[in-house]
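Straight from TrEMBL, the features:
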type     : residues                                                                               : note
ACT_SITE : Glu84                                                                                  : active site, proton donor
BINDING  : His82, Cys108, Cys117                                                                  : Zn(2+) binding site
BINDING  : Ala186, Trp202, Thr228, Asp232, Gly301, Pro302, Thr303, Leu304, Ala305, Ser306, Ala307 : NADP(+) binding site
BINDING  : Ser200, Arg216, Leu236, Arg239, Glu299                                                 : substrate binding site
COMPBIAS : 1-11                                                                                   : compositional bias 'Polar residues'
COMPBIAS : 12-23                                                                                  : compositional bias 'Basic and acidic residues'
COMPBIAS : 382-402                                                                                : compositional bias 'Low complexity'
DOMAIN   : 33-155                                                                                 : domain 'CMP/dCMP-type deaminase'
REGION   : 1-24                                                                                   : region 'Disordered'
REGION   : 365-402                                                                                : region 'Disordered'
Amino acid sequence: MSTQTNEQGTQEPRDVQKPEERQGMASAVISPLPVEVFMHRAIELAARGPARGLNPQVGCVVLDSNGAIIAEGWHRGSGNPHAEVDALSKITADQAAGSTLVVTLEPCNHTGVTGPCTQAIIDAKVARVIYAATDPGHSSGGGAQTLLDAGVEVDSGILGEEVNEQLHDWMRSAKLGRPFVTVKWASSLDGRAAAEDGTSQWISGEAARERVHVQRSESDAIVVGTGTILADNPSLTARTPGGELHGNQPMPVVIGERPIPSDSLVYWHPHEALVTGHRNIEQTLTELRNKGVRSVFVEGGPTLASAFIEAGVVDRFYIYLAPVLLGGPKLALTDLGISTLTERLNLKLIAMELLGEDIYIEAKPAKPAPPESRATRESSDVPAAPAAPVAPTTTAQPAKES
C-alpha cells in the first residue's frame with residue numbers, strides 16, 4: 001500500500017524507502033530495476049526543459065504493468081504540455097490504463113495556461129504515481145491528495161534531494177509567491193556609498209567587483225532605479241574581468257517614473273529592459289514573477305535598496321565594505337521606517353570573508369517577513385514625472401559601462 005493515514009484520518013502519500021531501508025520489508029520496486037533508475041531518467045528528461053522561466057523543469061516516464069518504459073515526456077516551457085501530459089500523449093488509452101507514472105515533481109493541481117495534470121492522470125486511469133519533490137506552490141500544490149481521493153496510488157520522496165536541487169530557484173520562488181530578492185551594496189567602513197560630491201567608482205576593489213558580476217550572472221533580473229541610470233548610465237550586464245559577457249545575463253529592470261535617455265546603455269543589454277514607469281515594488285515583483293523571473297538582484301542606489309528593505313521583501317544581503325572612510329551625507333541606506341532600537345531589523349550572518357582588501361558579508365533577515373509584508377511601499381528613488389522612456393534610435397554602442 002502506498003498511502004498512510006495521518007492523525008486527521010485522511011490518506012497522504014507515503015515516502016518510498018531508500019534501498020538500504022528496504023531490508024526485511026516489501027521492496028519498493030516497480031520492475032526488476034529499483035524505482036531510482038526510472039527517477040534518474042525522469043531527472044535527465046527534466047533537464048531538457050528551459051532552466052529559467054515561469055514553470056519548473058519536470059520530467060516523466062510511464063511504465064507498463066511489467067515495469068518497462070513505454071513513454072517519456074518533459075515540459076518545454078510555459079504554454080506547452082506538462083511532462084505528465086506530454087508522456088501520456090505518446091501512448092494509447094489502453095496503454096495508459098493501469099500504468100505507473102514516475103515524475104520529478106508532484107503533479108500540478110490547478111488550471112493555468114494548461115489544465116491540471118491530476119485530472120489528466122485520473123482521466124487516463126493511471127494506477128500509480130511516484131514523484132520526487134512536493135510542489136510548494138500556493139495554487140498548484142495539493143496534487144497528491146487529489147490523486148489519492150480519486151483512488152490513484154501515490155508514493156513520494158524518491159531522489160527528492162536531487163530534484164529539489166535541480167529546481168532550487170523555482171522552489172524558492174514558489175514558496176515565497178514572488179521572486180527571491182537579494183539587495184547588494186558597497187560602502188566605506190563608515191557606511192557611505194559615495195563621497196560628498198557623489199563620486200562612487202570605485203569604492204570596492206577588483207576582487208569585489210568580479211564577485212558582483214558573478215552574482216549578477218546567477219540572477220534572473222538586476223534592478224536599479226532611474227536615478228542610477230541617470231547618474232551612472234550602467235550597462236547592467238554581467239562580465240568577466242576581461243570584459244566578456246557571462247553566459248547568463250540578468251534581465252535589466254529600471255524602477256521609476258523619470259524618463260531615461262534613449263541612448264542609455266541599458267538599451268544595449270542582451271535582454272530587453274523592463275522600464276516599469278512606476279515606483280511600486282510589489283507591482284514590480286508581480287510583473288517579474290509573471291515573466292518567469294525567480295531571483296532578483298537589487299543593485300540600485302540607497303533609496304531603492306532602503307525601499308525594498310522597508311517593504312519587507314528582502315531575502316538576502318550582499319554587503320561589500322571597503323577599508324576607507326568617507327564621512328558626509330551619502331549613506332549606503334536611507335530611512336527604513338525604524339524610529340527606535342526595538343524596531344531594528346536583525347540579520348543572521350551567513351558568510352564573511354576577506355575579498356582582496358575588502359570585507360564581504362552575506363546575511364539574511366533573522367526572521368523572514370510574513371506574506372503580508374509591506375511590499376506595497378513605493379520606491380521614492382526618483383520624483384514622479386509623466387514622460388516615458390524612448391526606445392533607442394542610435395546605431396553605435398556607447399563605450400561607458402558599469
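Even glycines carry a Cβ here, placed using N, Cα and C.
Of the candidate recorded positions, Glu84, Arg216, Glu299, the one lying closest to Thr228 (NADP(+) binding site) when CA atoms are compared is Glu299. Counting every protein chain shown, the Cβ of Arg239 (substrate binding site) has 18 other Cβ atoms within 10 Å. Distance noted between the C-alpha atoms of Thr303 (NADP(+) binding site) and Arg239 (substrate binding site) is 26 Å.
Sequence-distant contacts of Ser200 (substrate binding site), defined as residues of its own chain at least six apart whose C-beta falls under 8 angstroms from its C-beta, comprise Ala193, Ala194, Asp232, Lys330. Note on the binding-site residues Ala186, Leu236, Ala307: the fewest other CB atoms within 10 A surround the CB of Ala186. Comparing Cys117 (Zn(2+) binding site) with Glu84 (active site, proton donor), their Cα atoms are 7 Å apart once rounded.
Neighbour counts were taken at the CB atom with a 10 A radius for the recorded positions Glu84, Glu299; the maximum falls on Glu84.
Residues listed for substrate, Ser200, Arg216, Leu236, Arg239, Glu299, cover a largest CA to CA span of 19 Å. Put simply, of the binding-site residues His82, Arg216, Glu299, the one whose Cα is nearest the Cα of Ala186 (NADP(+) binding site) is Glu299. Within the group of binding-site residues (Cys108, Cys117, Ala305), the Cβ with the highest number of other Cβ atoms inside 10 Å belongs to Cys117.
It is 30 Å from the Cα atom of Arg216 (substrate binding site) to that of His82 (Zn(2+) binding site). Residue counts for the domain 'CMP/dCMP-type deaminase' (33-155) under DSSP (helix as H, G, I; strand as E, B; rest coil) come to 36 helix, 27 strand, 60 coil. With respect to Cβ neighbours within 10 Å, the binding-site residues His82, Arg216 differ, and Arg216 shows the lowest count. In the three-state DSSP classification, Leu236 (substrate binding site) falls within coil.
Along the domain 'CMP/dCMP-type deaminase' (33-155), the predicted structure has mean pLDDT 91.
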